[in-house]
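Step one of this worksheet: look at the structure below.
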Ligand SMILES: [Zn+2]
């Protein structure tokens, strides 16, 4: 479900036309800057690349072409940023409120990071996943009894293990994408978030319906994995269709949130409340994204705060997973004792 929030947060980042960039003054500033690499006296080293170099796809030119593309993006970002700062200064003098540019609020850059607060909160989400994932393994292999062959009694260990890895991967790309807005990074960020969301839906179904049998697991896994892979290929190689992606992600997200919500109420699980708290907390956090507001001190906007809310929720989710390990291991052990 934390994955669902991550994907929704992405969808909100891509609206391209905003009030700020429709302003003619801003537009001509960006255009001029991209042409001569300067705004008034201030010039940008990233804009000093030769525009007339032929970019063919001969292998030896591939790296060079990628490098030039990178430079070009950097130049565009610098121009947009400084034109925006100038424009916002003018607006402030006229007592106007801040407006969005290319779907984003006017943020203050720190050490070249475009959205510093979102970067920091994404990194903290990543750290929280790492902590949860690591303590889950310590519990599983060092603190609880194991079956013959050092296998845990808990049947969902491997599944949560992969979940931890996919979460770490997804938050890593979120950190990178909030640092620098770049086409290739955007695709990597989207793909990893969709993969995580699709996978957590499978995991939700397997755990909540108690599916332990390998054949049934494969039966659920295969069509869903095929669908998620096709969707990722479509986004990367056919069209990065934000509207369609939103529909796919919302359907997968709402489905798993509903399954967990119902399950936590009917399952008699000792830690049901932790899971329900994550579902409800995640839903409330989403309100932040709906009631978007400009960044406080150029740093903390609704989106960044939303990323902040998932940090404690991630802690609680891993805490639930660890309780689940203990609960099911105890259950299996008492069963095997009874059968002896
Ligand atoms: Zn984000």
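Cβ coordinates come from backbone N, Cα and C, glycine included.
Per TrEMBL, the feature signal peptide maps to 1-17. Taken from TrEMBL, the feature transmembrane segment applies to 119-141, 153-176, 188-206, 218-238, 244-263, 275-291, 303-321.
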Q | Surrounding residues of the transmembrane segment (218-238) on its own chain - C-beta under 8 Å, 6+ positions past either end | A | 187, 190-191, 194-195, 198-199, 201-202, 205-206, 211, 245, 248
Q: Sort out the residues at least 6 away from either end of the transmembrane segment (188-206), same chain, that have Cβ-Cβ distances under 8 Å to it, and list them.
A: 1, 3-4, 6-7, 10, 156, 159-160, 162-163, 166-167, 169-170, 172-174, 176-177, 217, 220-221, 224-225, 227-228, 231-232, 235-236, 240, 245, 248-249, 252-253, 255-256, 259-260
